[in-house]
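Structure record follows, encoded as structure tokens.
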Amino acid sequence: MRIQKCMIHSLIALSCFLMGFTWGDIVARNTKKGNELFDAGRYDEALQSFTEADVNSQPGDLRLPKLYANMGNTLTKQGNYAQAVEMYQKALETSDNSNFKADVQYNSGNAWLKQGQYQQALEAYKQALELNPRHQQAQQNKQIVEKLIVQPPPQQQQQQQQDQEEQKEQQEQQQNQQKQQQQENKEEQQQEQQQKQQEEQQQQAAQAQEQSPEEQEQQLSQEEALRILDALKEKEQLQQQQVQSVPRPVEKDW
């Protein structure tokens, strides 16, 4: 009876050992394969191998933090930055190594940066420097992001410039329209004045035609009277000048 119990315990222990060896072998094999595919630039296949390793891993496996970090790096290469940040977060949650976590925070900051999320990127670089103050790459990228936060990104600058140019064009168009409208109004006013003058002249001509012969003769008589008065004034002035110009005889006292 005791022999049977010992055999049963031995079989259970052996099964557990074999299962653990099998799981560990799958994780190691897929992780190694994923690293090779990543180095070859075959990121889709690399991510698939890393995912298989993750699926076959056990909770608390010490290889998980690095596996998650590798998955984050692969997702970053694919351009899936949001998913990469999630994998970096899992790597941070499962590790206690400060230097490793500093590298992960740095990579997370890069993923945020490529999404244009400058504030999140800056926070990640700060976390990396808190974990490892000598992390030069995190320090450099932190300075770059701080400048980007102060200055708008190139696309935003281009958009602002384009908006300013469009606004300037609209203002010029409005000014041209106003000038054109003013010119048209001026021409209309001139035409109205000319038309009014023509109408007044026509009215005067019509009134002149409507006058009686006696009125026309009276007007002519007045004009003639004015001419006669002017002629008399001129004649009078000539006579006065002649009188003044006649020399007087010199009287001698002999």
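Quick reminder: no glycine exception, Cβ is built from N, Cα and C everywhere.
Annotation comment: TrEMBL describes 172-183 (among others) as compositional bias 'Low complexity'.
Sequence annotations record features per position, and here TrEMBL assigns compositional bias 'Low complexity' to 191-211 (among others).
Among the features that TrEMBL reports, region 'Disordered' is placed at 152-223.
Counting residues 6+ beyond its ends, the repeat 'TPR' (65-98) has Cβ neighbours under 8 Å at 27, 31, 34-35, 38, 43-44, 46-47, 50-51, 53-54, 57, 104-105, 107-108, 110-112, 114-115, 131-132 in the same chain. What TrEMBL lists as repeat 'TPR' is 65-98 (among others).
Panel annotation: around the repeat 'TPR' (102-135), residues 65, 69, 72-73, 76, 81-82, 84-85, 88-89, 91-92, 95, 141-142, 145-146, 148-149, 153 of the same chain, lying at least six beyond its termini, place a Cβ under 8 Å from a Cβ of the stretch. Here TrEMBL flags 102-135 (among others) as repeat 'TPR'.
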